[in-house]
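K.L.:
The structure that follows is given in the form of C-alpha coordinates.
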Amino acid sequence: MLGAALRRCAVAATTWAGPRGLLHSSRTPGPAAAIQSVRCYSHGSHETDEEFDARWVTYFNKPDIDAWELRKGINTLVTYDLVPEPKIIDAALRACRRLNDFASTVRILEAVKDKAGPHKEIYPYVIQELRPTLNELGISTPEELGLDKV
(Lines of atoms letter the chains of each structure in order from A and count residues from 1; the text may use other names and numbers.)
(Lines give C-alpha, C1' and ligand atoms only; values in the text may rest on other atoms or scores of the structure.)
Protein backbone atom coordinates (compact mmCIF):
# COMPACT_ATOMS: atom_id res chain seq x y z
CA MET A 1 0.00 0.00 0.00
CA LEU A 2 2.83 2.39 0.88
CA GLY A 3 4.65 1.43 -2.30
CA ALA A 4 1.57 2.22 -4.40
CA ALA A 5 1.20 5.59 -2.69
CA LEU A 6 4.85 6.42 -3.31
CA ARG A 7 4.51 5.39 -6.96
CA ARG A 8 1.50 7.69 -7.34
CA CYS A 9 3.42 10.57 -5.76
CA ALA A 10 6.43 9.98 -8.01
CA VAL A 11 4.26 9.87 -11.12
CA ALA A 12 2.31 12.98 -10.05
CA ALA A 13 5.55 14.88 -9.52
CA THR A 14 6.66 14.17 -13.09
CA THR A 15 3.43 15.17 -14.89
CA TRP A 16 2.03 18.50 -16.07
CA ALA A 17 -1.25 19.82 -17.41
CA GLY A 18 -1.42 20.25 -21.17
CA PRO A 19 -3.52 22.70 -23.17
CA ARG A 20 -6.68 20.61 -22.79
CA GLY A 21 -6.19 19.95 -19.07
CA LEU A 22 -4.86 16.43 -19.62
CA LEU A 23 -1.88 15.19 -17.72
CA HIS A 24 1.14 14.36 -19.80
CA SER A 25 4.18 12.61 -18.43
CA SER A 26 7.37 14.59 -18.92
CA ARG A 27 9.53 11.59 -18.13
CA THR A 28 9.30 8.10 -16.78
CA PRO A 29 8.99 7.61 -13.04
CA GLY A 30 12.31 7.50 -11.20
CA PRO A 31 13.63 4.96 -8.71
CA ALA A 32 11.20 6.16 -6.03
CA ALA A 33 8.39 4.56 -8.01
CA ALA A 34 10.10 1.19 -7.83
CA ILE A 35 9.91 0.96 -4.05
CA GLN A 36 8.52 -2.34 -2.90
CA SER A 37 7.13 -3.12 0.49
CA VAL A 38 9.59 -4.97 2.67
CA ARG A 39 8.85 -6.84 5.86
CA CYS A 40 11.33 -6.20 8.60
CA TYR A 41 11.53 -8.73 11.37
CA SER A 42 13.80 -8.68 14.36
CA HIS A 43 15.84 -11.85 14.32
CA GLY A 44 18.48 -10.56 16.71
CA SER A 45 18.83 -11.45 20.34
CA HIS A 46 16.66 -9.60 22.81
CA GLU A 47 18.28 -7.41 25.46
CA THR A 48 17.64 -8.47 29.05
CA ASP A 49 16.62 -5.97 31.71
CA GLU A 50 20.08 -6.14 33.27
CA GLU A 51 21.78 -5.50 29.92
CA PHE A 52 19.42 -2.58 29.25
CA ASP A 53 20.18 -1.05 32.65
CA ALA A 54 23.93 -1.58 32.22
CA ARG A 55 23.87 0.01 28.75
CA TRP A 56 22.19 3.18 30.02
CA VAL A 57 24.29 3.43 33.19
CA THR A 58 27.41 3.12 31.02
CA TYR A 59 26.05 5.75 28.61
CA PHE A 60 25.44 8.33 31.33
CA ASN A 61 28.69 7.50 33.17
CA LYS A 62 30.86 8.40 30.17
CA PRO A 63 33.38 10.92 31.49
CA ASP A 64 33.37 12.92 28.25
CA ILE A 65 29.58 13.14 27.82
CA ASP A 66 28.50 16.56 26.59
CA ALA A 67 25.21 18.42 26.98
CA TRP A 68 23.90 17.30 23.60
CA GLU A 69 24.59 13.61 24.31
CA LEU A 70 22.98 13.99 27.73
CA ARG A 71 19.77 15.45 26.27
CA LYS A 72 19.76 12.87 23.47
CA GLY A 73 20.05 10.06 26.01
CA ILE A 74 17.30 11.52 28.19
CA ASN A 75 15.00 11.98 25.19
CA THR A 76 15.63 8.44 23.98
CA LEU A 77 15.11 6.99 27.45
CA VAL A 78 11.83 8.88 27.87
CA THR A 79 10.46 7.46 24.61
CA TYR A 80 10.61 3.89 25.95
CA ASP A 81 7.45 2.44 27.44
CA LEU A 82 8.92 2.03 30.91
CA VAL A 83 9.95 3.87 34.03
CA PRO A 84 13.77 3.75 34.22
CA GLU A 85 15.36 1.98 37.16
CA PRO A 86 16.70 4.25 39.92
CA LYS A 87 20.30 3.30 39.04
CA ILE A 88 19.82 4.67 35.50
CA ILE A 89 18.27 7.87 36.85
CA ASP A 90 21.12 8.12 39.37
CA ALA A 91 23.69 7.94 36.55
CA ALA A 92 21.76 10.54 34.52
CA LEU A 93 21.52 12.92 37.50
CA ARG A 94 25.27 12.58 38.12
CA ALA A 95 25.92 13.35 34.44
CA CYS A 96 23.74 16.46 34.78
CA ARG A 97 25.75 17.51 37.83
CA ARG A 98 29.06 17.01 36.01
CA LEU A 99 27.73 19.35 33.31
CA ASN A 100 26.15 21.77 35.83
CA ASP A 101 22.80 21.31 34.08
CA PHE A 102 20.22 21.77 36.84
CA ALA A 103 17.33 22.19 34.38
CA SER A 104 17.90 18.67 33.05
CA THR A 105 17.80 17.21 36.56
CA VAL A 106 14.35 18.69 37.12
CA ARG A 107 13.27 17.55 33.67
CA ILE A 108 14.40 13.97 34.40
CA LEU A 109 12.47 13.86 37.66
CA GLU A 110 9.37 15.32 36.00
CA ALA A 111 9.66 12.74 33.20
CA VAL A 112 9.85 9.91 35.75
CA LYS A 113 6.73 11.21 37.45
CA ASP A 114 4.97 11.47 34.10
CA LYS A 115 6.07 7.98 33.02
CA ALA A 116 4.71 6.50 36.25
CA GLY A 117 1.27 7.63 35.09
CA PRO A 118 -1.62 6.42 37.22
CA HIS A 119 0.63 4.19 39.36
CA LYS A 120 1.05 6.60 42.28
CA GLU A 121 3.39 4.31 44.21
CA ILE A 122 6.19 4.32 41.60
CA TYR A 123 7.36 7.94 41.81
CA PRO A 124 7.65 8.03 45.63
CA TYR A 125 9.62 4.76 45.47
CA VAL A 126 12.03 6.22 42.89
CA ILE A 127 12.50 9.41 44.94
CA GLN A 128 13.08 7.29 48.07
CA GLU A 129 15.77 5.29 46.25
CA LEU A 130 17.36 8.46 44.84
CA ARG A 131 17.20 10.49 48.09
CA PRO A 132 20.88 9.88 49.03
CA THR A 133 21.99 10.96 45.54
CA LEU A 134 19.68 13.98 45.53
CA ASN A 135 21.06 15.09 48.91
CA GLU A 136 24.68 14.45 47.87
CA LEU A 137 24.32 16.44 44.65
CA GLY A 138 22.12 19.18 46.13
CA ILE A 139 19.22 18.50 43.77
CA SER A 140 15.69 19.47 44.74
CA THR A 141 12.67 17.56 43.51
CA PRO A 142 10.01 19.38 41.48
CA GLU A 143 7.73 19.17 44.54
CA GLU A 144 10.35 20.84 46.74
CA LEU A 145 10.65 23.61 44.16
CA GLY A 146 6.88 24.09 44.04
CA LEU A 147 6.66 23.10 40.37
CA ASP A 148 3.89 20.58 41.04
CA LYS A 149 1.51 23.44 41.86
CA VAL A 150 2.04 25.29 38.58
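Glycine residues also receive a Cβ, built from the backbone N, Cα and C atoms like all the rest.
According to Swiss-Prot, the protein has these features:
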| type | residues | note |
| --- | --- | --- |
| MOD_RES | Lys87 | N6-acetyllysine |
| MOD_RES | Lys113 | N6-acetyllysine |
| MOD_RES | Thr141 | phosphothreonine |
| MOTIF | 2-17 | motif 'SIFI-degron' |
| TRANSIT | 1-41 | transit peptide |
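Show me how these features fit into the shown structure, please.
P.N.:
Counting only same-chain residues at least 6 apart in sequence, those with a Cβ under 8 Å from the Cβ of Lys87 (N6-acetyllysine) are Asp53, Val57.
Mapped onto three states, the DSSP output places Lys113 (N6-acetyllysine) in helix. Counting every protein chain shown, the Cβ of Lys113 (N6-acetyllysine) has 20 other Cβ atoms within 10 Å.
Note: Thr141 (phosphothreonine) has non-local neighbours Leu109, Ile127, Leu134, i.e. same-chain residues 6+ apart with C-beta under 8 A of its own C-beta. Under the DSSP three-state reduction, Thr141 (phosphothreonine) is assigned to coil, being neither helix nor strand.
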